[in-house]
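Okay, so here's the structure we're looking at.
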Amino acid sequence: MATSEPRSRRHRLAQLAQRLAALRVVLVLVLAPVAADAANIPCMEDGRFYRNPRPLPHRVWTNGECSKYYLCLDGEVFEFKCSAGLLFDVNRQICDFKMNVDNCDVVAEAVVPRPLLEAAGCGQGQLGCGDRTCLPAEYFCDGSVDCPDGSDEGWCDVDNDPNGSTACDPRSCRLPECFCSRDGTRIPGDLERGLVPQMIVLTFDDAVNSENWDLYTRELFTEEHKNPNGCPIRATFYLSHQYTNYQQVQRLWNDGHEIAVHSITHRGPEDWWSRNATIEDWFDEMVGQANIINHFAGVRMEDIRGMRVPFLRVGWNRQFLMMQEFGFRYDASMVAPFSDPPLWPYTLDHKPPHKCLGAKQRCPSRAYPGIWEMPLNQITIEGYTCAMVDSCPPHLSGEDVYRMLTNNFKRHYNTNRAPYGLYFHTTWFKRPEYLAAFKKFLTDMGKMPDVYFVTNWQAIQWMRDPTPSSQINSFEPWGCKPRKFDQNEIACNLPKTCKLTSRILQGERYLSTCGECPEQYPWIRNEFGLDSR
């Protein structure tokens, strides 16, 4: 009989598995450790992947050397290698395409020293850098490096920002403008659970076009599926620009769906949104996309209230400063740790009631009064948790999916009735058994007298004015009274299909709109498609 491996070895391998599971390594194939190659690599035990600190100089920038990385646990070094064609980015801790990696000569991510703050003994209104340099307190965690050692911007999460938001204070945070609770599970208005209508929020990310149009109009949002008040069920669409058909977007808006922003470019790498995007970048991407939606789909600017960040990579204070300046009313990008009971949305007047989930994720550390956060409560299946439905395990059968949707619904319905969010990319529905399971779920929910499919904005409207289920028929934000549109706001039957050139994308793109064709394909910093020659 084979002997069991030593306990210390098993412990290290368990640590290794946890480390890899916690790290969002994208585009990476993790190979088994190769002890012979790692034997000559020194241990750098800080819980991070690093490069060989003693490479041959002429090999530093070769694909073979730059694709290798190491992890040290309990003094033992494990070696890994990216998939063919990919290189390791030590700063972002991921494998990525060669064009996106420019730090093959960097051994490990630089560790920013911790600021001393009050401990530096600076004067009134000042705080100390890690090297005891004294600066005005407002310079710390403002997005610009001011300390010689960079320590003013290195420790800026919600727990370390010296100018950060405060803990929830229900005495001063009152509806309709402010809502918080210590653990995030409190029902707005302190209603009894049985009086609360169970909201289900469906959202769809990325482009609207012929690839998913039939799914929306012939499968999901049909006369068959209505809320208990007799109104059709509705969803929120987070639009990225490329490949979107704006005549179809206009029809969705005319039908009562919510149209929101998901950026113009949806660019990579993922970490750019969290680490590198400036306030100007956020304006260009998000306000630019709002302008495109308004101009080419006719959606009123005041109806574009929400946004979701690509890859759910929250953009720290810069993102929310942009939202505050432009007038966005809510964000729907923060993934919350699994919670039972689940979390209710909240305003950012105070600290979020949950940790900022994800490797190197950067949630806001400051207060942004009146801006709502619609946290993504994770769903669970077979011991896995997932924020987006299409990120759940791909081996599930149709019966598994139906059970997953139903069981997670019960976790909301039978506890505090926080909004039950189901978030999709529409490729998930291409598996017929998944579509059938979801439609069965829709039918089942339609039989319940206190379950409503609403948009994110409708959910916020209810939270601002908590209304018992018995009075929902007179709750105007959930009604379906025909809305009056100007003639140019009504989607046309025959849109213009514009064949346009794009210098940036180096090719041609098509754009469908009921308006006039632009001269160039609209893009970042040229959202109206003006001729830039």
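First residue shown is number 1, and so on along the chain.
Placement of Cβ uses the backbone N, Cα and C atoms for every residue, glycine included.
Fair warning: this is a prediction, and the values are worked out from it, not measured in the lab.
Of the listed residues Cys122, Cys129, Cys134, Cys156, Cys156 is the one TrEMBL pairs with Cys141, by disulfide bond. Within 10 Å of the Cβ of Cys147 (disulfide bond) there are 23 other Cβ atoms, across all protein chains. Within 10 Å (C-alpha to C-alpha) of Cys134 (disulfide bond) lie the following disulfide-bonded residues from Cys141, Cys147, Cys156: Cys147. A gap of 20 Å separates the Cα atoms of Cys122 (disulfide bond) and Cys156 (disulfide bond). Cα-Cα distance from Cys147 (disulfide bond) to Cys156 (disulfide bond): 14 Å (rounded to the nearest whole number).
A simple way to gauge crowding: the CB of Cys122 (disulfide bond) has 19 other CB atoms within 10 angstroms, across all the protein chains here. Cys141 (disulfide bond) sits 12 Å from Cys129 (disulfide bond), taking the CA atoms of both as reference points.
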